[in-house]
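Participant: Relevant sequence annotations retrieved from TrEMBL are reproduced here:
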type: BINDING; residues: A:CYS62, A:CYS65, A:CYS68, A:CYS112; note: [4Fe-4S] cluster 1 binding site
type: BINDING; residues: A:CYS72, A:CYS102, A:CYS105, A:CYS108; note: [4Fe-4S] cluster 2 binding site
type: DOMAIN; residues: A:53-82; note: domain '4Fe-4S ferredoxin-type'
type: DOMAIN; residues: A:93-122; note: domain '4Fe-4S ferredoxin-type'
Amino acid sequence: MGYWKDIVLGGWSLIEGMKVTGRALFKPVVTVQYPRKRLEMSPAYRGHIEFKIFPETGTHGCIACGTCQRVCPSNVIKVQGVKAHARSGKIATHYVIDFTRCSLCGLCVESCPTQTLKFSTEFELAGDSRWDGVVDLVLRMEESRS
Amino acid sequence: MAEHFPQPVQQQLYSLNLGPQHPSTHGVLRVLLTLDGEYILKADPIIGYGHRGHEKMGENRTYLQFMPNSSRMDYLSGLLYNHGFCLAVEKLAGIDPPERAKYIRVICAELNRISSHLLWFGTFLMDLGAFTPFLYCFDDRENILDILDRVSGSRLTYSYCRFGGVARDVDEVFIDQTRAFIKRLRSRWPDYHNLVTKNIIFIHRVRDVGIIDKDLARRFGVTGPNLRAAGVPFDMRKVEPYEVYDRFDFEIPTGTKGDALDRYRVRLEEMEQSCRIIEQALDQLPGGAYRQERVRLKLTPPRGDVYFAFESARGQTAYYLVSDGSPYPYRVHVRVPSFGNLHCLTEVLRETLVADTIAILGSIDIVVPEIDR
Ligand code: SF4
Ligand code: SF4
């Protein structure tokens, strides 16, 4: 008795399962055909860091204070700046970040006193060597403007 | 179980290495099995292939700099670890985050718990040979990742909590999305039950398999859903409520026998309880600040130590921090639940079949990088 009951109940449970699978056939697909279709990126997406360009000055506001360099847990930021003349503040001339070792924690962006850092929403990054991940943000910004 | 099969005339024992890098060991775990035919006489879990030295790293970076590490220890429930680390440091430094931050953290942590359980659900069934539920789970999990991605900016290593609050505020869209997700998840339960829980093959593979009873659990320090499946209602959220968990009405699901089926049931029920917590938290979500402003970048907690235990998706997790008054912790130690959960395998696997090993290992829900932190 138990044997036949098992077979009938077991068979029924399989049919129930097949029903669930069958229904999925008529549902819209959830995957996105990536290169042709794209999803909207989240506004908070943490890509590599980038300089924000302030419209008032037309340039970044980095004063080469080094806060981001000190707070970075992965030690991937190197920033250098010069003083235009003796009494003025510094302006960054080089801002090198090794993105390949960045842990995308967001501490640099949060700690920047002039709020000049932001995350880019770029996600399709590829390179031939690990040096492709090392970018100079100042250079990059100037190139993008010219 | 062994007596159901004829004993071999001549004992020929041999060893078999299950893993490392076996798809069903969920990471770099090696289980050295001593077999007699298909029976396991002895099973030794061997760990340590992925040692990353997170605890040592904690000693040469500041408290804030260690934050991203905490969500990498367990890649499936990163936010819970992150949350726990924040709470431990806050307890050490005496920071009290604003009410809104507490609620946001609880909502996000519970969402992360559901996503971790959903991933377990999928991979467990895939270990047993069912591929369809895996895709369904990932479909549902994708929704959670989208929600958390929107608020924290990352899909796996959230690094979202900060000392004295969270990194970003949540908005109306987040609340709507979360409510919609809970509604959707609830509408999926019948599907899951029809597809899996009632499935005869599934039941026969997990019922009375891999029994972890109360006694065994106590000896090996098993916690989390594995312990609750044995019938012990032990949950850090209830026993030692942290954050705002004592304001919510939820139950601790328990099993009776502690076999793989019970562990499966407990986890499914736990997802439902997490949904209840999220709903109540969303209803009570207060306004105001989401982050306390005055927390310094280089936090210097007073001298002393703190042991803070919380409930991660896999069980009781704890941070032990020692501070010598400098911005760098003197010691960081993490108690991970998977370690205890894994090491009862030696007892549980005795006299079972090789096929059951996969079912038991899957039902225990270990994350090996968490052990080899
Ligand atoms: S996101 Fe974190 S790891 Fe990356 S550069 Fe900024 S501080 Fe360093
Ligand atoms: S980016 Fe910000 S924190 Fe970093 S050096 Fe420039 S001003 Fe200072």
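Even glycines carry a Cβ here, placed using N, Cα and C.
Curation does not apply to TrEMBL; its annotations are automatic.
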Participant: Which binding-site residues (A:CYS62, A:CYS102, A:CYS105) come close to chain B, taking a Cβ gap under 8 Å as close?
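Facilitator: Near chain B - Cβ to Cβ under 8 Å - we find A:CYS105.
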Participant: Quick check on the domain '4Fe-4S ferredoxin-type' (A:53-82): DSSP residue counts for helix, strand, coil, in that order please.
Facilitator: 5 helix, 8 strand, 17 coil
Participant: What Cα-Cα separation, expressed in whole Å, is found between A:CYS108 ([4Fe-4S] cluster 2 binding site) and A:CYS68 ([4Fe-4S] cluster 1 binding site)?
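Facilitator: Cα-Cα distance, A:CYS108 ([4Fe-4S] cluster 2 binding site) to A:CYS68 ([4Fe-4S] cluster 1 binding site): 5 Å.
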Participant: I'd like to confirm something. Which of the binding-site residues, A:CYS62, A:CYS65, A:CYS112, has a Cα closest to the Cα of A:CYS72 ([4Fe-4S] cluster 2 binding site)?
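Facilitator: Ranked by Cα distance from A:CYS72 ([4Fe-4S] cluster 2 binding site), first place goes to A:CYS112.
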Participant: With the [4Fe-4S] cluster 1 site defined by A:CYS62, A:CYS65, A:CYS68, A:CYS112, which remaining residues of that chain have Cβ atoms positioned within 8 Å of the Cβ centroid?
Facilitator: A:ILE63, A:ALA64, A:GLY66, A:THR67, A:GLN69, A:VAL79, A:ALA92, A:CYS108, A:SER111, A:PRO113, A:THR114, A:THR116, A:LEU117
Participant: So if I draw a 10 Å sphere around the Cβ of A:CYS112 ([4Fe-4S] cluster 1 binding site), how many other Cβ atoms end up inside it?
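Facilitator: By my count, 20.
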Participant: Tell me the coarse DSSP state (helix, strand, coil) of A:CYS105 ([4Fe-4S] cluster 2 binding site).
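Facilitator: In three-state terms, A:CYS105 ([4Fe-4S] cluster 2 binding site) counts as coil.
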Participant: Using C-alpha atoms only, work out the spacing between A:CYS102 ([4Fe-4S] cluster 2 binding site) and A:CYS68 ([4Fe-4S] cluster 1 binding site) and round it to an integer in Å.
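Facilitator: Approximately 12 Å lies between the Cα of A:CYS102 ([4Fe-4S] cluster 2 binding site) and that of A:CYS68 ([4Fe-4S] cluster 1 binding site).
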Participant: Provide the number of Cβ atoms within 10 Å of the Cβ of A:CYS108 ([4Fe-4S] cluster 2 binding site), excluding the reference atom itself.
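Facilitator: By my count, 22.
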Participant: What Cα-Cα separation, expressed in whole Å, is found between A:CYS65 ([4Fe-4S] cluster 1 binding site) and A:CYS105 ([4Fe-4S] cluster 2 binding site)?
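Facilitator: Rounded to the nearest whole number, the Cα-Cα distance is 20 Å.
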Participant: Taking a cut-off of under 6 Å between Cβ and any atom of ligand 1, tell me which of the binding-site residues A:CYS62, A:CYS65, A:CYS112 pass.
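Facilitator: Correct list: empty, so none.
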